[in-house]
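One structure below.
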Amino acid sequence: MRKQIVAGNWKMNCDLAETEALLNVLKSQIIPESTQVMVAPPFTNLQHAFQSVKDHPITVAAQNMHQAENGAYTGEVSAAMLKSVGIKHVILGHSERRAYFGENNALLAEKVATAFRYDMTVIFCFGEELIDRQHGREFDVVKDQLKHGIFQISENDWKQVILAYEPVWAIGTGETASPEQAQEMHAFIRRTIAEHFSEATAKEVSILYGGSVKPGNAAEIFGKEDVDGGLIGGASLDAESFMAIVNAFK
Ligand SMILES: O=C[C@H](O)COP(=O)(O)O
C-alpha cells in the first residue's frame, strides 16, 4: 500500500531558534499513524532538527544536495554530508532550484543517481509553468521531466522515490490547481510510470501535490484517488496550519 505523506518544505525560512520553536510545537501534536510527516529545514538546521525529532514520528529531509561526492564546489553540500548528520531524505528538482539555480533534467538525473548511491529517499519535484498549461502542453512537459530526470532509475529504486507534482503557477501564489486538475495529472503520472516500468510500481509510488495547499483546501485535494498527500511551502511554517493539513486525510 502506498503511503500518505505530508512534507513541509521550509525553503529559506527559520533560523535555529525558529526551527526549534516550530519543531517543539509539532512534537507536542499527535501524528496520525497512517501519515508520514516530513519537514525540510535549511541545511544549517538539519542536524539540530534530526536530533530534536529522534523519538518522534517526524522525518527530516534536506531541500537539495550536490551531485558530486565531494570536491571543490564552494557552498555546496553532498549526500555523504547529509547522511553523516542522519538525513536520509532529500528533495530534488524543486521548481525554485530549476528556475533560480539553473537545475535541468540532466543535472537532476545525476543528483538522483548520487542520492541512490547513498541509499537516500528522493522526493522528486516537477511540474509545468503557466505558459505550458496555457498552450495545452502540461502533460508533455511533465512526461519530459520524468523521462529525463528520474526514469533512468531501476525498477527497484522506485521504493525510495516520492514524487511531488507542483504546477509552478500554483506555488506561493495562492492559486491552487483544482482537485480535478490535480487528479487528472496524478493519474497521468501513474499511467506514464506504468508504461515505462510496471503497473505494480505505478500503484505503489506516492505522488504528492504541491502548490498553495492550505488547511481550507487540503481535504478536497487529498481526497482524490491518485493524490497521496502534499508538499507544503508557506503553510508548513505555521504549526497549526501544517497540522490541520496533516489531519486533512479522510
Ligand atoms: O515545496 C513546496 C511548494 O513549493 C509549495 O509552496 P506553497 O505551499 O507555498 O505554494
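Going from the start of the chain as shown, residues are counted 1 onward.
Cβ coordinates are placed from backbone N, Cα and C, and glycine is handled just like the others.
In TrEMBL, annotation is done automatically, which means it is predicted and not curated.
Annotated active site, electrophile per TrEMBL: His94, in sequence order. Under 8 Å, Cβ to Cβ, and six or more positions away along its own chain, His94 (active site, electrophile) finds Asn9, Gln63, Asn64, Cys125, Glu166.
As annotated by TrEMBL, active site, proton acceptor applies to Glu166. The Cβ neighbour count for Glu166 (active site, proton acceptor), using a 10 Å radius and every protein chain shown, is 26. Following the DSSP three-state reduction, the secondary structure of Glu166 (active site, proton acceptor) is coil.
Residues or ranges marked as substrate binding site in TrEMBL: Asn9, Trp10, Lys11, Gly172, Ser212, Gly233, Gly234. Over all protein chains present, the Cβ of Trp10 (substrate binding site) has 21 other Cβ atoms lying within 10 Å. DSSP assigns Trp10 (substrate binding site) to coil in the three-state reduction, outside any helix or strand.
DSSP assigns Gly234 (substrate binding site) to a helical segment in the three-state reduction. Checking the binding-site residues Trp10, Lys11, Ser212, Gly234 against ligand 1 with a 6 Å cutoff on the Cβ atom leaves Ser212, Gly234, in sequence order.
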